[in-house]
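So that you can see what the record holds, here are the features copied from TrEMBL:
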- 13-67: domain 'P-type ATPase N-terminal' (DOMAIN)
- 40-58: transmembrane segment (TRANSMEM)
- 256-279: transmembrane segment (TRANSMEM)
- 310-329: transmembrane segment (TRANSMEM)
- Asp375, Lys376, Thr377, Glu471, Phe512, Lys535, Arg566, Thr646, Gly647, Asp648, Arg753, Lys759, Asn783, Asp784: ATP binding site (BINDING)
- Asp375, Thr377, Asp780, Asp784: Mg(2+) binding site (BINDING)
- 806-1060: domain 'P-type ATPase C-terminal' (DOMAIN)
- 822-843: transmembrane segment (TRANSMEM)
- 920-941: transmembrane segment (TRANSMEM)
- 961-979: transmembrane segment (TRANSMEM)
- 991-1014: transmembrane segment (TRANSMEM)
- 1020-1045: transmembrane segment (TRANSMEM)
Amino acid sequence: IANRFPQHGHYIPQRFADNRIISSKYTIWNFIPKNLFEQFRRIANFYFLIIFLVQLMIDTPTSPVTSGLPLFFVITVTAIKQGYEDWLRHKADNEVNGAPVLVVRSGSLVQTRSKNIRVGDIVRVAKDETFPADLVLLSSDRAEGTCHITTASLDGETNLKTHFAVPETAVSQSVSRLETLQAVVECQQPEADLYRFFCSLIRPLGPENLLLRGARLKNTKEIFGVAVYTGMESKMALNYKCKSQKRSAVEKSMNTFLIIYLGILLFEAILSTILKYTWQAEAKWDEPFYNEKSETAGKKGNILKFISDFLAFLVLYNFIIPISLYVTVEMQKFLGSFFIGWDLDLYHEESDQRAQVNTSDLNEELGQVEYVFTDKTGTLTENEMQFRECSINGIKYQEINGKLVPEGMTEDTPDSSAPHLSREEELFLKAVSLCHTVQISYDQPDGLGDPFSHANGFTSQMEYYASSPDEKALLEATKRMGVTFTGISGENMEVKTFGKSEKYKLLHVLEFDPNRRRMSVILQNPSGERVLFTKGAESAVLPYAKSGEIEKTRVHVDEFALKGLRTLVVAYRLFSTEEYKEVARRLHEARTALQQREERLADTFSFIEKDLEVLGATGVEDKLQEKVQETIEALRLAGIKVWVLTGDKHETAVSVSLSCGHFHRTMNILELVQQKTDHECAEQLQHCTHHHPLNHRAVVKCTKQGFAAKIREDHVIQHGLVVDGASLSLALREHEKLFMEVCKNCSAVLCCRMAPLQKAKVVRLLKTSPEKPITLAIGDGANDVSMIQEAHVGIGIMGKEGRQAVRNSDYAIARFRFLAKLLLVHGHFYYIRIATLVQYFFYKNVCFITPQFLYQFFCLFSQQTLYDSVYLTLYNICFTSLPILVYSLFEQLVHPHVLHNKPALYRDISRNAILSFKTFLYWTTLGFCHAFIFFFGSYILMGEDTTSLLLSLQMFGNWTFGTLVFTVMVITVTLKLALETHFWTWMNHFVTWGSIAFYFIFSLFYGGIIWPFLHTQDMYFVFVQLLSSGSAWFAIVLIVVSCLFPDVVKKVFYRHLQPTSTQKSQVG
């Protein structure tokens, strides 16, 4: 501690990690090599690099600049985007690493930066600050040496947790006393589990002594702690799940198409090379006399010559692979993602939160979703609990105006009369207000405040901090009914019943755990009796009860659950002196055991929590978010299946599913719950059922015959399936296929009592099933993170359970209802835009290169290029790039309102419909047809009778011919996109007509001036001459019209004869 090591060289200090957090990918030194390596892993970039190197090495028809420049442009733009994103990460890291902290050094507090904390430093943290490293708590300003922290940023729990100082150091509350402390901390190696920690400092310590980096100090003025894990070794840093790169379906299709085009390219190059040699085999077609072979060329091996010819053709045709496609797609995704943030329909006024995009790579995936997995608490519901009813001693009560009123009675007592509770009611309310782990915060109002605020015995600012919203709601309810919990001082819990204070001595807390599903406290009441209060799920409390109104309570609990309330059962037990001694001894033994501590504690707890007397049950309502029902219905109409995955109990989950429209009243609900063995589970899944009506819906309790057959018989009825966590793990262990078959035939599935990793497992199961559907997961808490990262698209809800889900998601929205707009409108648009963008890119490059291939038949395969190299370079960069970029940002096939109101239109684009092989073939064929028309049209109209064309009797040369083909091509390709555009903005007009105009102006300048830096100027005055001929103008118009006219006719016919539902709604 404090890095005071024993002297005389007996101890060599270990090297520990420093306290820097690094979330960035690059540093200044490795940015260029690392980024280049990542970029050249892309097929297209690597391919262009090879072509560029080939051009440098052998004598090729086009200059290396033609492929070097676009490649350089693409690499630079991508590097700038990735560099900028990484710079933002560096900036965030520097803020964290540079935060000021106070450290004890040589007897005084020294302010330093967070990154300078070393293992062993004593750090002081004040109220509301976050811990800068993982600290073992040495002392706090509270007398009992405890402090309260909240870990919302780590695991999403907003409650206060109590942590304890090492008892021996708890008295060292000043810097001078800490300075005299000499001790050694021994702890385990760093590990990611937030809840496991073993170390020894004078005595063995556990997780309750460790303050984690990222947690925040509450309700405690200051604490001192010694740093044990720093920087990237802290538990928070070890929990950063390295986000795997998610790739969209469109990107995968794009790569498939690229490989097909590579095939076309190789085919053209090999064909040209073979034809060249076939032709040259005839003596008369061999090299002409003015091009005599030199001695060396004659001796050069045939194989080498063949290879160099093949490479030359490869270079000549390489533009069929569109390199700028990747850059346009990157820009489209990056710029397009701003629309989600700007959309005011996705803005939530109350919390002032707009939608945010964390990954722009998946925009189009939003248009492909087939399964939505949603959490329940906080995603479908508000996570705001309100006390509704309770059952005490077998009688149901409701709360009316802050009073407990038995069901069926109205409030008949006037307010003035003294409130009165029966013994059972009072005992029940006391049990509820004592059996919990709630902290109280007294925030003093600023200034003098209200002089009467203490008259009631507690300040107006008293606030409960609870580990679950249920506990808080219950305590606030008992407070309204006259039994108020006013806090813990030392080991006394204080309760006021109508202003009369009572103190209970807190002896033991039996903490809640998910396996027991209950928690208990053992207290000594004012009359000296030892009493146990227990509360928990009814399945965890009622089986251990021996007296009280057990059956009535069970009926009431089921009734509450059917209304969608969250239920808890409350019970108690009195101990005799002997019983209590035994209990205390066993607890002490279990708690101090070094081996198998958890198992021994579990045994002891079950020994204590038995022979209970039931007091009653509570029902708390979790309000549904608004428009949840409409959203789920819209998703269902869009052909998306909704699964709800929740940690809640079965009855509550089913009732919420019914109230939010996930299950319909008419649905046939199949239940696969509480299965004990594999065998039972399989039978349940296989065979068939008998109905029994309950609350107007058929809940199917299956006998020996089960679901699969049932579904096959009445496939008219819609089915819903309910599974719980335990049965699910059985079903997945042996009968995965059968389970999947049942699930796919159910229109709604509800999984309850799910552990976080089980949620991710279910998502993975569907993701990897044979159909490979696109999945989307949406949740708000840290327990949803694994599912959000597993699904193709992860959406975080900015809810009450911390920001963990939002941080790990691809998109974040404030409310569940925004999901409909995000998928049905934004998803639809993004998908249509990018799908057209990809197809159009391949089309325009086929148009571009095929004439080059056809030209080889007319120039004896001498690798003569048809276009000037400047045109080759600028075709994809300048002349045809902007219209498609603007189209892919603004295109709207249908008005957004129509898409929102007719969810069924979403089905038109499902399963990657627009990028199917059929449409890809259509665009490619179209490209080849247009290319043939460009080339042979120009050849027929201008090629034969060249002399009469130009009055000045100048010959119509190959450059003029090439320029004519190029001009026709630029105009046709641009107008083809104009035909595809449904939504015209001034930007579209500007770039469409501007591109054509720019081409003409550029060509006049380029050919009209003698440029000193060009070593050859083939194009000098070619363009001016071409345009001075009237027949050239006639040819241009004729060819463009003959290309696009059949296209227009096809569109009109299809619209009238076989309109799709999207086209119908365009008219509507």
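Each residue's number is its place along the chain shown, starting with 1.
The backbone N, Cα and C atoms fix where each Cβ goes, glycine too.
For the domain 'P-type ATPase N-terminal' (13-67), residue counts in helix, strand and coil come to 27 helix, 0 strand, 28 coil, using DSSP. Each of 256-279, 310-329, 822-843, 920-941 was scored by its Cβ pairs under 8 Å to the transmembrane segment (1020-1045), and the highest score goes to 920-941. Local packing around the binding-site residues Thr377, Asn783 was summarised as the count of other Cβ atoms within 10 Å of each Cβ; on this measure the leading residue is Thr377. Neighbours of Arg566 (ATP binding site), defined as other CB atoms within 10 A of its CB across all chains, total 26. Our reading of the ATP binding annotation (Asp375, Lys376, Thr377, Glu471, Phe512, Lys535, Arg566, Thr646, Gly647, Asp648, Arg753, Lys759, Asn783, Asp784) yields a largest Cα to Cα distance of 27 angstrom. Around Asp375 (ATP binding site), taking its Cβ as the centre, 30 other Cβ atoms fall within 10 Å, counting all chains.
The Cβ neighbour count for Asp780 (Mg(2+) binding site), using a 10 Å radius over every protein chain in view, is 30. The two recorded residues Arg753 (ATP binding site) and Asp780 (Mg(2+) binding site) have their Cα atoms spaced 17 Å from each other.
Recorded residues Asp375 (ATP binding site) and Asp780 (Mg(2+) binding site) have their alpha carbons 8 Å apart, per Cα-Cα distance.
Around the Cβ of Asp784 (Mg(2+) binding site), the same chain contributes Asp375, Thr379, Pro756, Lys759, Ala777, Ile778, Gly796, Ala805, each under 8 angstroms and 6 or more positions distant in sequence. Long-range neighbours of Gly647 (ATP binding site) (same chain, six or more residues apart, CB within less than 8 Å of its CB): Thr377, Cys752, Arg753, Met754, Ala755, Asn783. For the domain 'P-type ATPase N-terminal' (13-67), the predicted model reports an average pLDDT of 86. Arg566 (ATP binding site) and Asp780 (Mg(2+) binding site) are 19 Å apart (CA-CA, integer value). Every protein chain considered, the tally of other Cβ atoms within 10 Å of the Cβ of Phe512 (ATP binding site) stands at 17.
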